[in-house]
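Engineer: According to TrEMBL, the record shows the following:
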| type | residues | note |
| --- | --- | --- |
| DOMAIN | A:713-778 | domain 'CBS' |
| REGION | A:1-36 | region 'Disordered' |
| TRANSMEM | A:86-112 | transmembrane segment |
| TRANSMEM | A:132-158 | transmembrane segment |
| TRANSMEM | A:283-302 | transmembrane segment |
| TRANSMEM | A:335-355 | transmembrane segment |
| TRANSMEM | A:375-396 | transmembrane segment |
| TRANSMEM | A:460-490 | transmembrane segment |
| TRANSMEM | A:543-560 | transmembrane segment |
Number of protein chains: 2
Amino acid sequence: MEENSSQLAEAIASPQTMEAGEEERDPETTSLQQPLLKRNRTLSSNPLALVGAKVSHIESLDYEINENDLFKHDWRSRSKVQVLQYIFLKWTLAFLVGLLTGLIATLINLAVENIAGYKLLAVVQFIENERYLTGLAYFTGANLILTAFAAVLCVCFAPTAAGPGIPEIKAYLNGIDTPNMFGATTLIVKIFGSIGAVAAGLDLGKEGPLVHIGSCIASLLGQGGPDNYRLKWRWLRYFNNDRDRRDIITCGASSGVCAAFRAPVGGVLFALEEVATWWRSALLWRTFFSTAVVVVVLRAFIEICNSGKCGLFGRGGLIMFDVSDVTVSYHAIDIIPVIIIGILGGVLGSLYNYLLHKVLRLYNLINQKGRMHKLLLSLTLSLFTSVCLFCLPFLAKCQPCDLSTTEACPTNGRSGNFKQFNCPKGYYNDLATLLLTTNDDAVRNIFSSNTPKELQPASLLIFFALYCVLGLFTFGIAVPSGLFLPIILMGSAYGRLLGVVMGSYTNIDQGLYAVLGAASLMAGSMRMTVSLCVIFLELTNNLLLLPITMIVLLIAKTVGDSFNPSIYEIILHLKGLPFLDANPEPWMRNLTVGELADAKSPVVTLCGVEKVSRIVDVLKNTTYNGFPVVDEDVVSPVGQATVATELHGLILRAHLVQVLKKKWFLQERRRTEEWEVREKFTWVELAEREGKIEEVAVTRDEMEMYVDLHPLTNTTPYTVVESMSVAKAMVLFRQVGLRHLLIVPKYQAAGVSPVVGILTRQNLRAYNILTAFPHLAGSNCREKRN
Amino acid sequence: MEENSSQLAEAIASPQTMEAGEEERDPETTSLQQPLLKRNRTLSSNPLALVGAKVSHIESLDYEINENDLFKHDWRSRSKVQVLQYIFLKWTLAFLVGLLTGLIATLINLAVENIAGYKLLAVVQFIENERYLTGLAYFTGANLILTAFAAVLCVCFAPTAAGPGIPEIKAYLNGIDTPNMFGATTLIVKIFGSIGAVAAGLDLGKEGPLVHIGSCIASLLGQGGPDNYRLKWRWLRYFNNDRDRRDIITCGASSGVCAAFRAPVGGVLFALEEVATWWRSALLWRTFFSTAVVVVVLRAFIEICNSGKCGLFGRGGLIMFDVSDVTVSYHAIDIIPVIIIGILGGVLGSLYNYLLHKVLRLYNLINQKGRMHKLLLSLTLSLFTSVCLFCLPFLAKCQPCDLSTTEACPTNGRSGNFKQFNCPKGYYNDLATLLLTTNDDAVRNIFSSNTPKELQPASLLIFFALYCVLGLFTFGIAVPSGLFLPIILMGSAYGRLLGVVMGSYTNIDQGLYAVLGAASLMAGSMRMTVSLCVIFLELTNNLLLLPITMIVLLIAKTVGDSFNPSIYEIILHLKGLPFLDANPEPWMRNLTVGELADAKSPVVTLCGVEKVSRIVDVLKNTTYNGFPVVDEDVVSPVGQATVATELHGLILRAHLVQVLKKKWFLQERRRTEEWEVREKFTWVELAEREGKIEEVAVTRDEMEMYVDLHPLTNTTPYTVVESMSVAKAMVLFRQVGLRHLLIVPKYQAAGVSPVVGILTRQNLRAYNILTAFPHLAGSNCREKRN
């Protein structure tokens, strides 16, 4: 992973990666015109990352309440009615997020089931008439068209809609704003792209995209509509800040998980464990409310569809894996295969992470070559997948139907456990059952219980090998793709295979082995634990399964953790998103924030009443987003006539730009009255993330004027003393959700600046610190508190 | 609640409340001998609270890692094996906590069911023979003996075992150490006291005590046994700190909830929502592991007992309320009764909180009079309860048995829905069904579904009235008592009553009404939401119930919150435990920590190398637990010959006492080498909370010697600038889990102390601040972020 930053640098240097329609500061120019930064910058604060498939400028979010004079006035003047409005709206939005996520999930399910269903029925028709080549052509053609539809949408309209979106949501909730990630175009492309990609039979799921869709809906609702057509509704004005947006996006992400797995509690815990960095018990409840609404919507549609009003979409689809009919019975001896599955899951999961990382780096190079390359890559994958799915079943031997089962055998319809394919009457092709069907049905088939003889080891082996290849090479293509389903398919295959191999030595049903295999690979790759456990609990509806699921997950996670980080962390790192971990590295205890600040360029401070020309200068020549405001007094409190400097607070770049835009200038150097600033600015305006210094025109006369920064300054920034260890500063940074952390000196003397440095998210990343202080690496054993 | 502190003061002043065997500093002497505190102390830091039923000295916990030289050395020298040992032990302890909690919960259930079962069978025998007075005498006598057993245990051996214990656990996990709360005596008394009190038919449950029992087990395991017989096992040495103890007690509390309701996910969420202040995703997983073990143990015993090997304990007991056979069907119109139940729950819940607060204050006065009064109070309650339970059924009219049901009617056995009592053959007494049984069976009966005609409105009304009175007056007596069951009984009564009244206007089953009523009153009184919802979900095993349960809980909580705080908060306040809320009050934004520090007595600082006499003086004359260590340098960094003062860190009282005890003195004023301190102290010893200044004898010669405080000083304490608002400081304090927060000046000048104040938990409590700054109250509307 060390090559990652150099690769990013490459990406930045090559201009063809900067695609059209991208509204962002050119990194080349900002990094060259930095005369204020005369020192060699050893501690990196690279504000660039891969968002979707392109390099974008990222910014940190302001979760901290900006306590300036305007905010304080606004706070004091809020009436009870406004507070009630705010609470009412908060709950209404949580309700709407759940409702819309549920409806869209249903829509996607209906569309996928019907499109894939009609496609497969036609293919079966051709096979029945033994027109195999025509069948192959039809199957491949249909899949190519569907893939092309999804890929063109993604490539042309919303590159950020490609992939699962979960890493970016994780980053957002950790405090990193990624541009164009939660827009209306992304949402629409994600919905239709997902339908196309899943219906095309590619080895990808709709689960990850559903989480992204839920988050997009939440973000759009929270800001009152798409970027250019936003409702300027008075009620929404209190939502125009990063804190409330974070809360509603958390609701959206949980709703998405809930819609994917029909698991309300699992959805909440997924958001709690995997996605959200910051959590409050009140948010827990609102999130749960959203997921409950999703479940009600899904239930209602299942009721409607059960009466046959949804086309081919019959019993399948929404109830993903209904394994509640598995009879669980196990003895003490069965702990051995359970442990084996766990270890296998950990080893294979970390191997998968490793290989997927390599493939993604390769794909990154291909994707950089332009749109056509992206498109061609997707189509090649689709072609390969289609041919494999259609041709491999010919390798399997026909199996005689077991006449004792109540299920129809052989079947030619869309679903059913025993597909006839090329077999004579009374026989079925077990590999066709797994391959020539939708992915959801494949999972259902492989999870099916009380069918010990149904699937042959050879077929399972082919299935496993195929999906290992597909799982590695499908994920990175430019269509909306989830990771859950490929991993479930792989995991269930080796799980069931183990069950077949164990044969009579075990009491556990083969379907249950498949479930455990899927769980183990998910834990081995994604390293989720509680949420995964609860999701499987809600899917299987069986408390007795809980202990063995837990053992499998625990072992798989432990084994996997000893090799490499989780797949999400790998992707976050690959994309260059500055995600802050929950636990500080052990060597961070041996480094103080003062030393860290020394490795950075010196801090740029502003005076309480500052000249316009200096502000313009500072804004143009630095990339910082926050500046400490320092006042100088001549009389110090003890009466000596020394100069005392005072830290007034921190002002944000966005607010300075607004001052310049609104030309709130003073003729002389004086402090303003409170009413003066309130005439010009409202607190709500200040919460907007708009305006760039390049757009501001200041005349030469105005350059000589002054600005009183006091009323716009956040007077209560969080600070640490320079002797604080980086480990503790990082805990503070993450726990309180900061954007800037000021460093104050630990000694008291005249003439010393009251701020010795300023730390941001990038400065606290282990990777960046290690680049600046290479001797720290390997100086200690691993963090003992996990 | 304003009179609370004066009442505490009364309690402190009256010497008879300080019971024998209590090892604590006399508050009288410490509050009089405080010459260092010359100012009038306006901001209270009262270190006293009611723990159990007596006034005790409480202390804050050190969740922060104390980064002194010793710790750093220890940290560097830890080997990989030790880290693995630590992780292995952590998981083993989580497993043992679950196992023991599950076993003890089973033991309590078995004992209660058998004792109460044989008692009730004998009573039924007397009634069958129409010897009513003998029956009454037997019933009352047996209950009196059982109550006396529980009360004597509590009063004589472990006063902290009285009550539910949940408020104290909440306080502990918030960061307040309450003495004798998690000891071995408390555990044993709690187990047997709980068996006695529940078997005596008092209106209290075993749910709250189970949570306390789980926490006690966890605490004892974590510290390696009871206080006086602790294992000095090398492996346990890393657990000898407040952070790890907090984690394991969180596991214990969740296991307790899980054991009470057989709800593993609900137990984890209860700990997450209601109990724990501080949370990490790794802890989530370990907590879940503990609860899963509990479920497995409970399940195993249910299997064993179903085969009839547990005496009278047949199908009942462990499966508390198995309402999974309720068929849920409801229409849009049924939303109206659901809303009514929610509102009723909120109103009644807050009324219950209000009245219970009054009763607890009254009982406090009685309990202060001595042990005999406590005992008499308990026995009176038992007598009243027994007479009511036995005599009230005579008021009910006999009902003819419904011959269409499959259940036996009338029954005379221990369980069964249709008790014959005083009725002729073919008839049953519905009130006897609810009253002359164990509380668990009463809940099962009132929750029973598909029995619309079983319970008469008059009987339900009598039942509701009786349990309102009992619920208010039973909770405060000196036996282990839970709040869950009384509230469930009351709530289910009015819920079912509403169901009977609605009659044919509704599609919802009456049993379901009872469940919703119970949920609403719990939400109205305890204000739990997600965890309650998940507990009911796991009890009812029915996802369809989720939406209406959520509506009920949401309404009940909202209505309740508009009247008063939750019952736990009321009890915490009543006991004087300094619980820190999650959200700052709105007026805290208008106050800076500098103003708060001004209202306190001035901070006492120590020099880096300090004279022994000064240390003894400071320790004897202040009650502070932490002292800033300040160094003076003559040369300031800019070269002027001014005096620069430097904040070195914070030293704890406990460490100063250890220095004096070990007589680690220097002849001259010099700084020591690292090896010198390591010869004398180990980091593990420093984590002990032992030693008092009164026990230390220092000779006159030693008084003139010096101590180098540098190696024992925590060099990285958290600090805030004096202009920080109290609201933000409080967020920091709670999020990071602090004990002391240093205030540094915002200006830089010579001769200024680098520390202007020090804030503790007590200083940040809204109640204490309002006492010192009365003008702040009512200056703003309620907190908008909930």
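Cβ coordinates are placed from backbone N, Cα and C, and glycine is handled just like the others.
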Engineer: Where else in the chain does the transmembrane segment (A:375-396) make close Cβ contacts, counting only residues six or more beyond its ends and a cut-off under 8 Å?
Structural biologist: 123, 135-136, 139-140, 143-144, 146-148, 150-152, 155, 200-203, 363, 366-367, 421-422, 429-432, 435-436, 456, 458-459, 462, 466, 470, 473-474, 477-479
Engineer: Given a Cβ distance threshold of under 8 angstroms, which distant residues of the chain, six or more beyond its ends, lie next to the transmembrane segment (A:543-560)?
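Structural biologist: Residues packing against the transmembrane segment (A:543-560) from afar: 326, 328, 330, 334-335, 338-339, 341-343, 345-347, 349-350, 353, 512, 515-516, 519-521, 523-525, 527, 529, 532-533, 536-537, 566.
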Engineer: Applying the under-8 angstroms CB criterion, which one of A:132-158, A:283-302, A:335-355, A:460-490 scores highest with the transmembrane segment (A:86-112)?
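Structural biologist: Checked against A:132-158, A:283-302, A:335-355, A:460-490; highest Cβ contact count belongs to A:283-302.
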Engineer: Report the listed stretch (A:132-158, A:283-302, A:335-355) having the maximum count of Cβ pairs within less than 8 Å of the transmembrane segment (A:460-490).
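Structural biologist: It is A:132-158 that shares the most Cβ pairs under 8 Å with the transmembrane segment (A:460-490).
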Engineer: For the domain 'CBS' (A:713-778), what are the DSSP-based totals of helix, strand and coil residues?
Structural biologist: 24 helix, 16 strand, 26 coil
Engineer: Residue list, the transmembrane segment (A:132-158) vs rest of chain: Cβ under 8 Å, 6 or more residues beyond ends.
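Structural biologist: Here the qualifying positions are 52, 115, 119, 122-123, 126, 180, 183, 185-186, 188-190, 192-197, 199-202, 371, 374-375, 378-379, 381-383, 385-387, 389-391, 422, 477-480.
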Engineer: Please compute the mean pLDDT of the model over the domain 'CBS' (A:713-778).
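Structural biologist: Taking every residue in the domain 'CBS' (A:713-778) and averaging pLDDT yields 84.
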